[in-house]
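Colleague: Pulled from TrEMBL, these are the listed features:
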TRANSMEM  A:23-41  transmembrane segment
TRANSMEM  A:61-79  transmembrane segment
TRANSMEM  A:86-105  transmembrane segment
TRANSMEM  A:111-132  transmembrane segment
TRANSMEM  A:144-162  transmembrane segment
TRANSMEM  A:182-203  transmembrane segment
TRANSMEM  A:233-252  transmembrane segment
TRANSMEM  A:264-283  transmembrane segment
TRANSMEM  A:290-312  transmembrane segment
TRANSMEM  A:318-336  transmembrane segment
REGION    A:346-366  region 'Disordered'
Amino acid sequence: MTHQPPRPGPVAAIGRRLGGHHLLWPTLTLLALLLGNVAFQHDFFSVRVRDGHLYGSLVDILQFGAPLTLVALGMTLVIATRGIDLSVGATVAIAAALACGHISTSARPGSVTTVLTAVALALGVAVVLGLANGLLVSGLGVQPIVATLILMVAGRGVAQLITGGQIVTVTSAPYKMIGGGYWLTFPFAVLLATALVVLTALLTRRTALGLLIESVGGNPAASRLVGIRAGGLLALVYVFSALCAAVAGLMISSNVSSADGNNAGLWIELDAILAVVVGGTALTGGRFSIGGTVLGALIIQTLSTTVYTLGVPPETTLVFKAFVVVVVCLVQSPVFRAKVLRRRGRTTPRPRSTADAAPHQQEVRA
Amino acid sequence: MVSPSTPRPPDPGGPRPRPVLEARGIHKQFAGTVALDGVALRLFPGEVHALMGENGAGKSTLIKVLTGVHPADGGTLLVDGRPQAFADPLQAQRAGISTVYQEVNLCPNLSVAENILVGREPRRFGLVDRSALRRRAAELLRELDLDLDVTAPLGSHSLAVQQLVAIARAVDVSAKVLVLDEPTSSLDREEVAQLFTLVRRLRDRGAAVLFVTHFLDQVFDLCDRVTVLRNGRLEGEYPIDRLTPMTLVQRMIGGELATLDQLSGRARREAAARTTGEPFLRARRLTRAGAIEPYDLDIHAGEVVGLAGLLGSGRTEAARLLFGADSADGGEVGIEGEKVRLRTPRHAIARGIAFCSENRKAEGLVGELTVRENIVLALQAARGWTRPLTRAKQDELARHWIETLDIRPADPEAQVRHLSGGNQQKVLLARWLLTAPRLLILDEPTRGIDIGAKAEIQKLVARLAGEGTAVLFVSAELDEVLRLSHRIAVLRDHRMVATLTNDGSVTPERILTTIATGADS
């Protein structure tokens, strides 16, 4: 068990700071999934450099997992305030449609200026969308699930309007860089996602933002009496969530060089919520773990990769994923683990895989 | 304590029929804490019976045992003389015992008729017979002399009418025993009168009504007999004409009065000196509808002002207005002579006011955060998120206050929810003390904490006042209020009825009289 899962460096640092046990189960789960893949594909862990680019299954997981990681990152802060943001998938589609639409109609789609304008346009609109969610939640007191459901449904329509119901394709080398390019042998998307994760970790943990968000999510009534202005914080996390979704939308559309108003980021909100929960942030708000969310997103992406590695027939893919997710959630549930351990203790006290995990705790923590 | 097995002296009202509901020797424990210890209660047909006791005396537990919400751990319940055991509220209802809770638990979006008969709708061919539904509901209300449009949604009627409809529903289920748990707490004077008319009519029809309230005058107005509980035990059962408000309050609070330790003379000696000059805070005609009638209050720097009164008398409500925890509907507040508006806690905090809520869990601490994080929270909130306290500074503050207030375990990284009540209260105090408040509002700071921590907190309050902090001290414990306060404002029925200077002439008895009669004699 000395092998470390491939994960961005700063996550390990955050992990240490939060205390290893927060991330123990997500880490073990990710390891188990990765090792499971080795059984079916022996060179799963091999990473090669070809044409100055990194290649390998692990690199693929990181690269294709980057958009989900970003959406889950924004979702983490929203969930920490006891909220939820269902509109991120629609925001992904809108951002993709805006950026691709701008580039495809521009005279010089290949110029860096055009691409930067497109990115600014997408991010600017995301701020507006996030602000709308935030004001509905904090200003009007609409339940987050309802407030963001509006944009979840309407947003797809908006994306359709922008693309005129077509799939907009773009040919632009600088735009392709965002989601499909490489920089210093690394996939640019991975570098971008890593940078944003580190930035968010610094922003929440080096300022008092994290503490205040956890306080508002953990006990809104007490936070009010302590003088925390929850309204501004709530608006901020929804704007941040929309921005993360917009960057994810740029990555996704850049990777396939097209924007599909219907399918870009479809159901990504559900994967993101799952990533956050698997990563150890409770839907009831309060304590959040950015490191856990990154692990959660990687677990879900690894699962998608596993489906291909194992050659699961396409029609059973969703059932397979659902089954693994249920197992992952059960393994991570302290209540379930306690029950299983107790039952084992009563009947046959021989060590099994679940019961076996406990002695490793020290080892992994160290 | 009256033993439930011994025969009682005959009632002065002559021979009575058999009790319709009788509880004997009821025991109930929750997680090792004894809530009821050998409690007895008798309800006769055609009487209104008050169940009285202080907060935590066991009133609600007893009601829950009687109505089948909690099974008793020991003792007997007799309905019409026959032993009964209720496994759930439905069984109690079938046996003829219904309850109307403090909060109306009906559906405001359904019609009055539907609310009265929901679950028991008249049916025809398996479908709800709407006209029969309306007819039966209207008949039922007419019997109770209520004239309402039964087709209108319940929510379109006032809260009092909703309460009456809830009673009508309960009466239809069973006319034998009706339990009313604090039915008047959200009603105004005329609405209370309307409710009482209905209760009297039910009594005259032969129903037994068990009435739980905090309002003393309502007990004397409406009830025939009173059962008093204290600390989970039966204190006694009395005909109302044998009691005065004074003796009733004494029975609720108990013999601890006699053993009050002698008050330190310090507070009294200094009382006169402290209350002169410009007050730090001056409230005039401050009020909030339904919570507290207009009141005046001055608090000087270095002065401890106590708020005394029974639970539900408006103590907390009065204190919350001074912190902006609730916003006032009327009146004004001046701080050091300057008129201010305290609409939110932030406004009050900016003026140097701090508030420890009586409800530590729900309104004070953030349970899953650490002791350190909880301690620095108020200061950090005031600084805003862009100006974080460094971790070193946080550690220093946490260590300092853990040491100063002797918080245990002395681990700044422990989750605050795992601490005992007294230590949680100290964390809450530390949070505010490090902001160096000019006025500290403490709502029941010693409730539910052990004796040692209690004494430490009392000492701390005295020391803070000595250092020039103004303190508003809200407590249900009279000895505590008397020991610490320079002046004591007495509340009764959401009204501030007197302000007493603690100059040696104030005794617990005098405060009790003021609470009981509504005036300082």
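Just so you know, glycine gets a Cβ as well, placed from its N, Cα and C.
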Colleague: Counting Cβ pairs closer than 8 Å, which of A:23-41, A:61-79, A:233-252, A:264-283, A:318-336 has the most of them with the transmembrane segment (A:111-132)?
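Modeller: By Cβ pairs under 8 Å, A:233-252 leads among A:23-41, A:61-79, A:233-252, A:264-283, A:318-336.
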Colleague: With pairs closer than 6 in sequence left out, are the transmembrane segment (A:233-252) and the transmembrane segment (A:23-41) joined by 3 or more CB pairs under 8 Å?
Modeller: no
Colleague: The transmembrane segment (A:264-283) vs the transmembrane segment (A:86-105): three or more C-beta pairs under 8 Å (separation of 6 or more)?
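Modeller: Yes, since the transmembrane segment (A:264-283) and the transmembrane segment (A:86-105) share at least 3 Cβ pairs closer than 8 Å, they count as touching.
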Colleague: Against which stretches of its own chain does the transmembrane segment (A:318-336) lie, if we need a Cβ under 8 Å and a gap of at least six residues from its ends?
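Modeller: Sequence-remote neighbours of the transmembrane segment (A:318-336) are 25-26, 29, 33, 274, 277-278, 280, 299, 303-304, 306-307, 312, 354.
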Colleague: Hey, does the transmembrane segment (A:182-203) touch the transmembrane segment (A:86-105), meaning at least 3 C-beta pairs closer than 8 angstroms, sequence gap 6 or more?
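Modeller: Contact between the transmembrane segment (A:182-203) and the transmembrane segment (A:86-105): absent, because fewer than 3 Cβ pairs are under 8 Å.
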